[in-house]
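Copied over from TrEMBL:
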type	residues	note
TRANSMEM	B:27-47	transmembrane segment
TRANSMEM	B:74-95	transmembrane segment
TRANSMEM	B:102-123	transmembrane segment
TRANSMEM	B:129-151	transmembrane segment
TRANSMEM	B:158-179	transmembrane segment
TRANSMEM	B:185-207	transmembrane segment
TRANSMEM	B:214-233	transmembrane segment
TRANSMEM	B:272-289	transmembrane segment
TRANSMEM	B:319-336	transmembrane segment
TRANSMEM	B:348-365	transmembrane segment
TRANSMEM	B:372-392	transmembrane segment
TRANSMEM	B:398-416	transmembrane segment
Amino acid sequence: MSATQGTPTASGTPATPVPEQPSRWNQAFREITTGNAIISVLAVVLALFVGGIMIAFTNDGVQEAAGYFFSRPGDLLREVWNSVSGAYSALFQGSVYNFRRDTFAAGIKPLTETLTFATPLIMAGLGVALGFRVGMFNIGGRGQMLIAAALGGWVGFAVDLPYGLHMVAALVAGVLGGALWGGIVGLLKARTGAHEVITTIMLNYVAFYLVSYLLREGFLKTPGSNNPKSPATKVTAVFPDLLGPTYSLHFGFILAIAATIFTWWLLSRSNLGFQFRAVGLNPHAARVAGISVKRIYVYAMLFSGGMIGLAGINQVLGTTTSGFGAGLDSGIGFDAITVALLGRSKPWGVFAAGILFGAFKAGGFSMQAAEGVPIDIVLVVQSLIVLFIAAPPLVRAIFRLPAPGSAPRRALPNVTQEVAAK
Amino acid sequence: MSTVAPAVQPASPAADNRPEFEVVTSWKAPIAVGIFTVVAFLLFVAFGREGISTLRLSTSSDLIQLPDLELPTLATGIGISVLLLLITGVSVWMVRSKRRVPIWLISIFAVLFLIGFLVWAAAGETIPVPGLLFGSLSLAVPLIFGALGGVISERVGVVNIAIEGQLLAGAFTSAMVASLTNQPLLGLVAAMFAGVLVSMVLASFSIKYFVDQVIVGVVLNVLVIGLTGFLYSQVMAPNAELLNQPPRFERINIPLLSEIPIIGPVLFRQTMIVYIMYVAVAVVYYGLFHTRWGLRLRSVGEHPQAADTVGINVARTRFWNVSLAGAIVGLGGAYFTLGSVGAFGKEMTAGAGFIALAAVIFGRWDPIRATLAALLFGFASNLQNVLSVIGSPVPSEFMLMLPYVITIAAVAGFVGTSRGPAASGKPYIKS
């Protein structure tokens, strides 16, 4: 794990000649407790704990019981336990398995919901992660998704093509739309040096207003309707269901897996991916080595935007096929950043992080419905997870874990190193 | 001085070995200006509109009444387009003769273009100029506070993407505290505390734990949106009478100054937060460039190692100045609830923090320029509001898009080569 991180200080030799070899089990234990995996798990636990405190504090029953704490302290504890466990069991039952259903087929439905929610998060997260690996911060997920949905969605409802081919055409149009919107950013950075954080934020708004206009008066308008909403996607372009009509899981999830494999191949097996990583780690060294850094910026943003465009078209062809509005992205563009950070910009890490956040999303809705806990708590827990993961020393200090012994303390996670190397 | 001269002298005979001395000229400005001139000719002349445009310059409550300005739309359009063409010609000539296009020329160009657009859009209608400017300033106030906080924070070397979160935290806390205590001033103080709190998280994570500052900023925004949204739904909304009815600041008319035609009512019939903002802009500008505090702050942001060598505590300077930036941004948040809207709503800042960030960069990390940029963005947003009332000839979405397109054009065209503080965004690891 740490070998691929390529920390500049880790290349020094003093780490290897350890005078006294500790036992293998001891070593393995230390690696687990000091490595990334345990930090990630502890960060999730810690964030859920903080979320639990917030749920308990704002619960009416808890507040009531706190009023007579000194006469019956047990009541308070019971109320706290009830509110927090109720909320989190609703979260679990809404995202993984519902024990209140009779059959397995009905009980497992929440898990398929989770995967459906995870699909666009994985796709967009991969796009953001690609940007991170090249040292670019793509905050433009919202705009790229909207443009992708506009172009792909138009192909989906306005063009007549046979079944299958239609879907592919819409997919390609959508990915091209996202790539175009991302490519503008890459081109501006390469040509004029405009910072991508600014241009992506600005293009988000430009895309939002552009698509709003198109939905109101342009080619995305539903004829004879005043609702700023597009017509429904034609049946020939809709993603097929994976598990039959009772589940919402659709072909998009297969695409998400394929996108993960493609990103992994691109980054670690292809020539272009090598150049991506070289520029990300040190653009100056990459330039000296003969890599055209500007060209790589454009390519990286094309791929990054295309991947996020896939998330956008996934929403139109898979999740909301009845027509889309300008709020189509529903925060996925920003969630993708946290997904990429949690996944440490590694394709399979992003995949896992996307599923976790998909579970939070699916469970959050049922938590809100069953226990009345606002879904905003999910945002709090998600951002806390990322904050804790970004600062391993903090988590170690809280849980009194040993710092990585002989290895030097890694100052920054992988992503930040590349962003900082610019 | 004279001791240096001999050392320089021997270099000049070898001049034929060196590449010739060349002034770096950029064609970006003339190209951008040219594009806007073409747009002007297309819009104002080719698609020119007949009629009379009326610009109302006074409100009924003014002491000095100015007459309404009535301009023939097409003729004014032609006149302004010709003027714009002249400026384009001048800028091309300046670049050809290896000179830089001065910023004031571009400013004149921008103002002329805006007037031309206003006249074109108002064909056959009346535009109340004081109202337009007043609304622009109200929209710009939180942006200016945000931009000032951004400037301080970035000048000391910490990228502040969390402006949005600081604004939102300030808005929430000020609404709550002001409603509970019925004292808008206490709400203002609470907003500053909330901004500082968000800033301290940003500062400690980026300075103590060396986490990438952009990442902490982005995550903090999500965290604050989640926290305020959660508390709003759970605590504030059920007890709205008690917790979400803050008293608003009264308007204070400054005698004499508020009677200046056109700008008087706009600038000097405002609430206390706006007056605090004027003071803040002046103090931040003076402090940054004319005091020891400012010099230390900038040195830490430009070259922390050098600052450390001369005995400045880099980590402490960064921590407290980022916290100060949070306090200033928090004031901007309070303006949402105590100044303009009057109650807290979920995600009510609606991206203002990001526009403030754009103003910081558009304003080249300078408090005055950033303030002007924020005013420009406020103007563009409010222009859309005014035009939608009189029946805008352009779809409202394109008007709303304008500030963002201008920012992209500016970042790519005019300030593309501008550089932020050298060490901004980089953690300082003392060795």
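Each residue, glycine too, has its Cβ placed from N, Cα and C.
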Within the same chain, the residues 6 or more beyond the ends of the transmembrane segment (B:158-179) and with Cβ under 8 Å of it are 142, 145-146, 149-150, 186-195, 197-199, 202-203, 206-207, 213-214, 216-218, 220-221, 223-225, 227-228, 231-232, 236, 242-247, 318, 322, 325-326, 329-334, 336-338, 343-344, 347-349, 351-354, 356-357, 424-425
For the transmembrane segment (B:74-95), the candidate among B:27-47, B:129-151, B:214-233 having the most Cβ pairs under 8 Å is B:27-47
Sequence-distant contacts of the transmembrane segment (B:27-47), meaning Cβ under 8 Å and at least 6 residues beyond its ends, amount to 74, 77-78, 80-81, 84-85, 87-88, 91-92, 95, 101, 106, 109, 113, 116-117, 119-120, 409, 413-414, 416
Practice item. Run the contact check on the transmembrane segment (B:185-207) against the transmembrane segment (B:102-123): 3 or more C-beta pairs under 8 Å, excluding pairs closer than 6 in sequence. Key: no
Item to check | Contact between the transmembrane segment (B:319-336) and the transmembrane segment (B:272-289) (at least 3 Cβ pairs under 8 Å, separation 6+) | outcome: yes
Other same-chain positions with a Cβ less than 8 Å from the transmembrane segment (B:102-123) and lying at least 6 residues past its termini are 29, 33, 36, 40, 43-44, 48-55, 71, 73, 76-77, 80-81, 83-84, 87, 90-91, 379, 383, 387, 390, 392-394, 414
